[in-house]
Ligand SMILES: Nc1ncnc2c1ncn2[C@@H]1O[C@H](COP(=O)(O)OP(=O)(O)OP(=O)(O)O)[C@@H](O)[C@H]1O
């Protein structure tokens with residue numbers, strides 16, 4: 001930093017502010033803000049950065065900045081954003097800022113043709129430039145390519161993934177129906193199921209594709225936080241569908257459904273009616289006929305009605321519960337829409353059937369009445385199971401729409417959410433955030449390791465990039481027996497699992513682990529408000545994150561008790577029956593459900609990561 005020249009120093013709301021250094025202390029600097037003369041404040045040396053000579057000038061590639069640091073990068077992106085230039089390069093990485101309005105001509109066909117075949121950097125930064133580079137590299141290097149789209153919720157991942165697909169299909173497609181289908185397949189997910197990580201393969205001449213998903217956040221179907229909405233399709237259907245469809249499926253406004261009313265009912269940026277119509281068009285274009293479309297809507301409606309079933313104590317000596325009288329309509333509608341006998345559904349929601357394996361006569365069937373809490377869990381497990389099977393079905397159907405032949409090379413587009421942590425948001429309350437963090441750690445580890453190795457192997461003479469090896473953090477989460485995910489799986493297998501017991505076990509097993517500590521020992525008050533048996537802190541490279549463990553046990557458990565599983569597997573409704581037949585094709589699964597009754601979400605995350613890693617290794621870019 002040069003004497004007297006402006007610097008970027010921390011600002012509580014804007015990230016950074018311009019100022020000059022007026023005094024240098026042992027480990028801090030005294031800064032006088034340019035806009036508030038005389039109001040000097042202290043800032044840590046490592047949080048003060050040199051500023052560019054002209055802070056109102058912007059560059060297309062952050063690497064062209066005289067000083068490249070966190071503050072100049074943010075300022076450059078901010079200046080560009082104020083001029084509607086939402087894209088900025090950092091070499092071959094593209095930063096996109098969501099404009100939340102349609103910037104004229106930014107994505108029109110003329111712009112698409114302008115970027116075709118042009119090298120990166122010869123035209124202004126654009127997601128099309130990235131897509132074109134991926135295509136050209138695939139052809140020239142004869143090597144598959146990956147495009148990873150990441151960011152917080154609402155950052156614009158889905159939109160940009162769509163722009164990539166549209167660009168590739170428009171520029172290098174076959175000009176046939178298949179191009180449209182690939183884009184419409186993606187649209188269908190955006191407009192209805194969202195929260196998926198499609199890994200779309202586009203073969204040599206964009207002749208096919210494939211959508212893969214690694215995890216559906218099932219817990220969101222039954223419970224959302226105050227600011228969170230359920231999956232789009234529920235609102236599209238209850239608020240946006242035509243009157244005849246709503247009547248057919250006994251649907252009224254979103255505020256009449258338990259699964260919807262705990263979060264915001266209306267998103268001011270979304271048009272449920274318009275999106276319902278766009279979703280229907282997308283379904284048609286990918287080849288779903290009216291019957292299949294109605295099948296899909298019917299099941300979604302069934303899940304909504306199911307959520308409105310309430311229980312109360314039976315008042316008998318059995319200690320069980322019954323369905324409240326006020327819920328009789330919800331029971332009737334959900335049974336009808338899911339093709340079940342009303343009475344069978346009532347019995348399966350309020351009791352579970354167990355087969356004895358020891359003592360007494362082997363194989364004796366015992367009907368165990370459920371308490372209110374257990375019946376609530378059973379109802380939610382059924383809703384989650386039905387919805388997630390439907391989701392799998394849609395993924396399969398979309399994949400059937402475009403050919404997927406083996407091909408030497410492909411382009412993968414991975415849409416993956418960040419895990420939502422920032423220094424100003426140091427408390428994470430969602431189990432899924434822990435899983436996403438884990439996923440990212442693995443990707444980063446793999447990326448850095450792989451790149452270093454590649455540079456060395458190819459003798460590129462690139463200085464070794466020093467990075468903090470996060471393997472110990474990955475182990476903390478995934479190690480066998482002692483990793484957080486395995487401890488959680490073990491907890492779920494206990495007769496009476498609890499979040500507190502799980503949290504205590506994590507602390508006990510990692511008493512001396514450098515990365516893990518109890519909330520009480522945190523420097524941050526917001527962490528200390530969490531009791532030691534309600535959370536744990538993981539010290540990441542970027543800062544300490546406190547994970548609140550409330551509902552971890554519940555969210556890790558996707559089990560559906562055997563009586564309910566059998567009930568839906570034998571639904572009168574062919575569509576529902578097939579949903580369960582396809583993904584539950586072995587007797588084994590039923591037996592397992594009877595014994596352990598537990599399928600772990602965390603494990604699915606590990607398995608699906610294995611899949612992505614496999615693809616990613618193939619693609620070599622990561
Ligand atoms: N480039 C863009 N131009 C115009 N509007 C945009 C753009 N990118 C995003 N948006 C708007 O922002 C909204 C949210 O974007 P998007 O759905 O892509 O976010 P996301 O990162 O996929 O969020 P989530 O992780 O919650 O699915 C879009 O519905 C759209 O209205």
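Backbone N, Cα and C define each Cβ position, glycine as well.
Annotated features in TrEMBL:
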| type | residues | note |
| --- | --- | --- |
| DOMAIN | 2-53 | domain 'Myosin N-terminal SH3-like' |
| DOMAIN | 57-622 | domain 'Myosin motor' |
| BINDING | 151, 152, 153, 154, 155, 156, 157, 158 | ATP binding site |
Near ligand 1 by the Cβ criterion (under 6 Å), the binding-site residues from 152, 156, 158 are 156, 158
DSSP state at residue 158 (ATP binding site), helix/strand/coil: helix
Starting from each candidate's C-beta and looking 10 angstroms out, tell me which of the binding-site residues 151, 155, 157, 158 has the most other C-beta atoms. 157
Test of understanding: give the count of other CB atoms lying within 10 angstroms of the CB of residue 152 (ATP binding site). 15
For the domain 'Myosin N-terminal SH3-like' (2-53), what does DSSP give as the number of helix, strand and coil residues? 3 helix, 27 strand, 22 coil
